[in-house]
Amino acid sequence: DAHLLLALSMFGTTVGLYGIPWCKKSLLLTVLMSVIGASMGILDTGGNVLALNTWGTEAGPHLQALHFSFAVGAFVAPILAKMALGGSESKDLAVAEETNGSVPRSVPTASAASAASALKHHFGADFLWSYVVIGTYLLSVSFFFFILYSKGSLARDKSKASMQKCVFAKYHYALIVLLFVFFLFYVGAEVTYGSYIFTYAKVFAEMKENEAAALNSVFWGAFAACRGVAIFCAACLYPGTMILLSIIGSAVSSSCLAFFAKYSTALWAGTAVYGASMATIFPSGISWIEQYTVVQGKSASLFVIGAALGEMFHHVPVVMYTAVVTSAMTVVLFPLMYKLATCPRESDLKEVSESEDRKALLSNSGLNEDEE
């Protein structure tokens with residue numbers, strides 16, 4: 001059951017978050033981080049499938065809203081963390097330096113040890129509360145899913161009835177594999193650029209740290225804003241149209257970034273357009289494939305695995321060229337997927353043939369369909 005699975009995954013994330021601040025051993029920390037990673041993988045898969053099962057062919061805006069919440073978190077969380085810890089960090093470091101200013105660096109002192117201990121205690125308390133607050137929030141969400149599970153027998157019956165009417169595309173498995181590769185390149189490009197644009201701006205564009213941070217915020221801000229707009233656009237645009245606009249925008253902007261990133265204006269404008277272009281591809285891709293074939297848990301898990309693998313392939317010096325290559329791959333893959341998805345199924349061809357034969361017989365006998 002989708003509600004039970006999501007409730008358990010959220011509860012697993014809560015357990016990991018509650019346990020991390022108290023870890024004293026690296027092995028235990030590794031185990032807890034693995035629990036959180038697995039739970040979030042289940043959430044990422046199950047959330048998309050649950051949205052499709054709940055709203056069916058009208059799931060487009062809801063999927064965009066689901067992924068909009070991720071984009072907002074990616075944009076807001078670093079800012080909140082900087083506000084909460086940045087000021088206190090510099091203040092405490094200044095106190096520590098003032099305490100040790102008259103003491104040679106090579107001589108260990110009680111004041112140095114006490115300053116380091118105070119700094120560690122301060123950040124330990126801040127991080128403890130951040131994990132507790134986030135864990136408590138997720139625990140409350142998991143309770144809501146448990147409540148939905150306890151009251152959802154009717155919904156499960158409807159889901160089973162609808163699953164009995166599944167219609168798969170003629171090239172169902174080929175489409176799933178191609179979309180797997182499509183998401184691998186897309187998410188690889190998104191995470192590579194989002195992770196390393198700050199470093200690229202400092203090292204290669206020679207920007208100041210605050211300018212590089214602003215450039216990073218421009219990327220994620222445009223990403224989040226475009227996903228918010230896509231919630232309303234999904235109600236009046238086909239998913240395929242949104243994907244086409246997105247891959248064209250990402251191809252053009254990544255090409256400009258690869259060849260003209262040395263110009264400040266091109267770097268800022270290209271980053272904003274690239275972030276906006278990448279925003280709608282993942283949720284639109286899931287909505288698009290649902291039009292032609294059934295997306296079940298196994299299929300959705302492959303999409304998430306492809307996205308996760310894409311996050312593993314990134315390298316700083318070639319960030320712009322990576323963006324160009326991945327954009328080119330999405331431009332090539334989408335028309336191929338569209339061609340396979342629109343191929344008529346054998347059952348459709350048979351129905352069309354029977355319908356034509358029927359009309360021919362009726363016309364020859366002089367009867368219409370009402371007089372049959």
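Just so it is clear, glycine is given a Cβ too, placed from its N, Cα and C backbone atoms.
Because the structure is a prediction, the values reported are computed rather than measured.
Sequence annotations record features per position, and here TrEMBL assigns transmembrane segment to 29-53, 65-85, 128-150, 171-198, 243-261, 267-289, 318-338. The annotation region 'Disordered' is assigned in TrEMBL to 351-372. Residues or ranges marked as compositional bias 'Basic and acidic residues' by TrEMBL: 351-360. According to TrEMBL, the compositional bias 'Polar residues' annotation covers 362-372.
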Exercise. Counting Cβ pairs under 8 Å that sit 6 or more residues apart, are there three or more between the transmembrane segment (318-338) and the transmembrane segment (243-261)?
Worked result: yes
For this session: Please give the sequence-distant neighbours of the transmembrane segment (128-150): residues at least 6 beyond its ends with Cβ less than 8 Å from one of its Cβ atoms.
Result: 1, 3-4, 6-8, 10-11, 13-14, 17-18, 20-21, 81, 84
Problem set entry | Non-local residues, at least 6 beyond the ends, that sit with Cβ under 8 Å of the transmembrane segment (171-198) | 74, 212-213, 215-216, 219-220, 223, 250, 254, 271, 274-275, 278, 281-282, 285, 289, 292-293, 299, 302-303, 305-316, 319, 322-323, 326-327, 329-330, 333-334, 336-337, 340-341, 343
Problem set entry | Chain residues outside the transmembrane segment (243-261) and at least six past its termini with a C-beta under 8 angstroms from it | 189, 204-205, 267, 269-271, 273-274, 276-281, 284-285, 288, 320-321, 323-324, 326-328, 330-331, 334
